[in-house]
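Take a look at the structure set out below.
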Amino acid sequence: MKKEQYIKAVELLNLYSYHYYVLDDAITTDEVYDKLYHEVLEYEESHKEDILKNSPTQRVGDTVSEGFSKAPHLSRMWSLEDVFDSDGLQKWLIKTYKLDSNISFYCEPKYDGASLNLIYENGELSQAITRGDGEVGELITQNVKTIRSVPLSIEHKEKIEIRGEVVIFKDEFEKINQTRLKDGEALFANPRNAAAGSLRQLDSSITASRNLVFLPYGVGENFLEHKLLSQKMEYIYSLGFKKPPFCATCKDFNEIEAVYQEMSRNRDSYPMMLDGMVVKVDEIAAQIDMGYTVKNPRFSVAYKFPAVEKITTIKEIILQVGRTGAVTPVAIVEPTNIDGVVVERATLHNFDEIQRKDIRINDHVIILRSGDVIPKIIKVLTHERDGSEVEYKRPTICPVCESELLDEGVLLKCQNLTCEARVINSIIYFASKPCLNIDGLGVKIVEALFNSGLVKSVVDLFDLTLEKLLTLEGFKEKKAQNLLDALGSAKGCEYWRFVNSLGIEHIGEVASKTLSAKFGSGFIDATKDEIVACDGVGEEMAESLLEFIRVNRETILKLQNILKPLEPLQRQEAKENPFKGKSVVLTGSMSESRDMIKEMLESLGAKVVSSVSKKTDFVIYGEDAGSKYDKAMDLGVECLNEDEMRSKIEQA
């Protein structure tokens, strides 16, 4: 093969690939493609200096990365405002028409996958970046080059950002999970997770094997001169990108609603997962004039599909025991596919819920799955009962340790402090990030430690040695030493972390900080009156704390002696400033970690809380501020961005 023949062969292979992967219209056989592919490969092996960047051989993932570097987007990747029904759409249209009444709309599917930004320079794919925080994402160019529907080169020489969603088709998702099942690997929960996980593989050959598909939905930085978004997108598709299964231009609410209803009805027939329809103002000039809010473009909205409901059957009701001993019922149902996710469990909340809804084993029920929330039973189909249904009897003994349960009405509790489920969940909580943040103490390792007899309580963790850990399956010297080092690093922790790690019912992070600041190690001898006098600590919290200390005093003292948590320094009275004595909520991504900003505000005398209410004085918001920002605006709470917050501090 000569160089001219090689160039033509690459062009032909790319044409074959385009018809097969983008148009779904094969124009040759696998045999012809494979033969030509190997001829190109042979030429490239002996002429490395001639290898073209858009050669299909350059797609094959065979390199292992040590990690991904960060890269900025040329222009921000925005999130969209959501509406969930026709009333929500009407309200959005009214707002939009106030900005410009002479507009039309472009409607397209809202794909349920992983967002991706492609940057082309001089017609070549130069960077592929995950969405990240909208400003900066992870650079995954090598992995993305393995996606057949991403052109390595395009007939457009100016720099351009092409945004889209990476998805896995439903049938491909089933094949991947079947393979993982055979190989004894954990199954992916849904196609979205599979797509996101596949994109971020350090070994790009794994990405290549997953048959990912890239579907463009817009552009970022560009120098295109089209007057309409619909025209701009047709141009993008003409560059070799896959078209959506459905798109339309609409004049008004009625046309948009008709397109939405059709798309919603047919959603199961599309090869990829969809979770709604995106509506955008079609006129580019109007988009520019409308601009953006803090969070979203004003010219676009995501019209979400309704939550999905399915009928299934309750096979059994099992009990789960948490770290505090609370026993929770869970319904095991016939495996049911809801929008690409196989549901096998549904929450029952508590035993009163079972009685209220008269839920029985073998009942036919309607379950609802909304977003990533655990499915719940919304209706029992009593008219379908045939006599095989079995009433569920309220349990009296713990399903794990068989000790007698304490019946508190709505709540049932196991009081056995050595109950396996309580111990395991207590250790997991003890090691979690808001507590002692001990790396390497995940569920499986904690279970292995407990089942081996090495750890029967939190205190036992600190009796572990290298020799003991090496007796466990899967533990080699490095892994064992890393765990011992992590346990050692927990010593000398902040006192509030120690209090929080005890897992006292009703005593969370905020209360732990309050109690630690007030009493330090003296919290163990504090009286009820002293505890209730603390800001934000009520009667129920005080009683829970005192009962925990009564039962676990010896364990608390042992842990305190082992960990030697640092006594809180007596914080000097903060000088007068706008945040002193104020209730503050943080939301969104900021220039520094949320913990650092929280610590700074607390040093100024602010009380940083997790939820917005009428009592909230300030909401500090960053990029992609969520529902907390919206609630604050509704309640009239003063909202400050990070720069405004710092300006207030400097002016004080």
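Yeah, the Cβs are placed from backbone N, Cα and C, and that goes for glycine too.
These come from Swiss-Prot:
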ACT_SITE  LYS110  active site, N6-AMP-lysine intermediate
BINDING   ASP30, GLU31, VAL32, TYR33, ASP34, SER79, LEU80, GLU108, ARG131, GLU165, LYS280, LYS304  NAD(+) binding site
BINDING   CYS398, CYS401, CYS414, CYS419  Zn(2+) binding site
DOMAIN    574-652  domain 'BRCT'
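Report note: the Zn(2+) site is defined by CYS398, CYS401, CYS414, CYS419, and the residues of the same chain whose CB lies within 8 Å of the CB centroid of those residues, excluding them, are VAL321, GLY325, PRO399, VAL400, GLU402, SER403, LEU405, GLN415, ASN416, GLU420, ALA421, ARG422. Taking the Cα atom of each, ARG131 (NAD(+) binding site) and CYS398 (Zn(2+) binding site) are about 46 angstrom apart.
Nearest Cα neighbour of LEU80 (NAD(+) binding site) among the listed recorded positions (LYS110, CYS398, CYS401, CYS414, CYS419): LYS110. Cα of CYS398 (Zn(2+) binding site) to Cα of VAL32 (NAD(+) binding site): a distance of 66 Å. The two recorded residues, VAL32 (NAD(+) binding site) and CYS401 (Zn(2+) binding site), show a Cα separation of 65 Å.
Distances between the Cα of ASP34 (NAD(+) binding site) and those of the recorded positions LYS110, CYS401, CYS414, CYS419 are shortest for LYS110. Confidence annotation: the domain 'BRCT' (574-652) carries a mean pLDDT of 85 in the model. Sorted by the number of other CB atoms within 10 A, the binding-site residues VAL32, LEU80, CYS398, CYS401 start with VAL32, the lowest. Across the domain 'BRCT' (574-652), DSSP classifies residues as 29 helix, 18 strand, 32 coil.
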